[in-house]
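Q: For reference, the structure I am asking about is given below.
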Amino acid sequence: MKRSMYAGRVREEHIGQEITLKGWVGRRRDLGGLIFIDLRDREGIMQLVINPEKVSAEVMATAESLRSEFVIEVTGQVAAREQANDKLPTGAVELNVTALIVLNTAKTTPFEIKDGIEANDDTRLRYRYLDLRRPEMLENLKLRAKVTHSIRNYLDELEFIDVETPFLSKSTPEGARDYLVPSRVNKGHFYALPQSPQITKQLLMNAGFDRYYQIVKCFRDEDLRGDRQPEFTQVDLETSFLTEQEIQDITEGLIARVMKETKGIEVTLPFPRMKYDDAMALYGSDKPDTRFDMLLQDLTEVVKGVDFKVFSEAPAVKAIVVKGAADNYSRKDIDKMTEVAKQYGAKGLAWVKVVDGELNGPVAKFLTGIQEELTTALALEDKDLVLFVADTLEVANATLGALRGRIAKELGLIDNDKFNFLWVVDWPMFEWSEEEGRYMSAHHPFTLPQEETAHELEGDLAKVRAIAYDIVLNGYELGGGSLRINQKDLQERMFKALGFSTEEANDQFGFLLEAMDYGFPPHGGLAIGLDRFVMLLAGEENIREVIAFPKNNKATDPMTQAPSTVALKQLEELSLQVEEDETNKTN
């Protein structure tokens, strides 16, 4: 029979109606001769009642055979429950079953289909189709669908054009490692899966599309963590003839629309703006979490005269004050934080506690001469804990920024109901890579430098500033964008500053440089990480929770066993040969 409605949508208004439902058996209970079944579908749970006095022996026998995750079809009359269940939207009603058909049986599942399960991540991914039956996973993916629907409607209203760009593109040396695809037709040549549609969307501006968008898969072969996947989705925008502010206004409107339509939250516009240098100085991060205080304090000048060379001779000394937390952290706890500090390049972590108005701790004796000045500078009160890092400015900022976030989580200082958006602007154009031994693009090599610093492309690259902007939410980079270079000579200067020879630039980006000979308009854009945005809206801590079929931290899929080996014939067709792993050679 045709399904009348979803099980999770039956309400009191349907009492007295005969309906047909289809779904999965959640659980079965036998009470006083009656059989109660929780029928589950994507919209929720409906209680079924099978009364032996009102159904045939065949229906009763079928009901007794039901097990969890059997797929069934039931017909019956909606009735009011004697005792309502306020925890369920369907809790005021039940279905008195008159007909029951088993559409399919099921083996015992490797974990219960319910929220809050304790199965490990790989088991969940191995049986992802079962994991996705759980209500919280269904809700996460329904939220994702609502977000993309809201985004499309908003951009369509602003006359953006949805254009698909190629997945088989050219490998470029900047950024993360590419996923490479060998060409069978052009032996020895490789495509790359795009890390973003950056160049193709710029070329669409040269083609006169004016406003482009795409919700698009991108690929990066990089080490994974909770908010990264090898394949991810971004909301990609590009516009012609707009200023930095106009692009940000459009982005803020998009986010405001999504927040209102999916969370019922009215966000305050415009978003705050923070310079990159201020973000690093005050928060120790280029993606500051502004939901709590504990700002970094610069004490370099304050401690210059102390008889403690670690402080007095350090390039920078910075600190954070953990208010009222002296009793929360033992020496053992601080030792653990010291190990964290070392992971960020710090040589150690100094600390004092304020106890009865005096400084206590390993370095307190060196600070007695400046206690009053230190107390004033840091606004110290009894029971405060102060953590110091003496190192380069970059190391001090990064270390204390990491500790700031860790401590805030441990002490419950973060209001998880807050959504604090802000723009980080005035970025450096380049960042030094110790691994590469040279300056690299902080964003990408197509970013427009600020006019007043562009002359440093042939001088001190550390002084070049970009017309770039990142949108940050609760300590996560939600997205980033910039105005782009549209003048050929400036683009060539940029490539040269990055160490490209003329030949290398033409080999890698000759098509883009050629396009700049044909009236390339001023343009700029932005990309928002959809997975990360939905993760934050859903209150999750890992983007796997908002992606239907993600990879694990080893970039593998436990369900399909991807990536896998392939037949020798397939490799031969591609003129490829796989070298045996050294560990296998010795076994």
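Backbone N, Cα and C atoms are what each Cβ position is placed from, and that goes for glycine too.
Positions annotated as L-aspartate binding site by Swiss-Prot, on the basis of sequence analysis: Glu174, Arg220, His443, Arg484. Annotation source Swiss-Prot lists ATP binding site at Arg220, Asp221, Glu222, Gln229, Glu477, Gly529, Leu530, Asp531, Arg532. Swiss-Prot lists 198-201 with the feature region 'Aspartate'.
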Q: Give me the Cα-Cα distance between Glu222 (ATP binding site) and Arg484 (L-aspartate binding site), rounded to a whole Å.
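A: Between the Cα atoms of Glu222 (ATP binding site) and Arg484 (L-aspartate binding site), the distance comes to 25 Å.
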Q: Would you please pick out, from the binding-site residues Glu222, Glu477, the one with the fewest other Cβ atoms within 10 Å of its Cβ?
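A: Fewest other Cβ atoms within 10 Å, among the binding-site residues Glu222, Glu477, is found for Glu222.
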Q: Could you give the number of helix, strand and coil residues in the region 'Aspartate' (198-201) as assigned by DSSP?
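A: Split by secondary structure, the region 'Aspartate' (198-201) comes out as 4 helix, 0 strand, 0 coil.
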Q: Nearest by CA distance to Glu477 (ATP binding site): which of the binding-site residues is it, out of Arg220, His443, Arg484?
A: His443
Q: Applying a 10 Å Cβ distance cut-off over all chains shown, what neighbour count does Arg484 (L-aspartate binding site) have?
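A: Step by step: centre on the Cβ of Arg484 (L-aspartate binding site), count other Cβ atoms within 10 Å, giving 23.
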Q: Restricting to the chain of Leu530 (ATP binding site) and a gap of 6 or more, list residues whose Cβ falls under 8 Å of its Cβ, or answer none.
A: Arg144, Val147, Thr148, Ile215, Phe232, Thr233, Gln234, Val235
Q: With DSSP assignments reduced to helix, strand and coil, which class does Glu477 (ATP binding site) get?
A: strand
Q: Determine, to the nearest whole angstrom, how far the Cα atom of His443 (L-aspartate binding site) is from the Cα atom of Arg532 (ATP binding site).
A: 18
Q: Calculate the distance in Å between the alpha carbons (Cα) of Arg484 (L-aspartate binding site) and Arg532 (ATP binding site), and round it to a whole number.
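A: Per the Cα atoms, Arg484 (L-aspartate binding site) and Arg532 (ATP binding site) stand 25 Å apart.
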Q: Through the lens of DSSP with three states only, how would you label Glu222 (ATP binding site)?
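A: Coil, per DSSP.
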Q: Taking the residues Arg220, Asp221, Glu222, Gln229, Glu477, Gly529, Leu530, Asp531, Arg532 listed for ATP, what is the greatest CA to CA distance in Å, to the nearest whole number?
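A: Greatest Cα separation within the listed binding residues comes to 19 Å.
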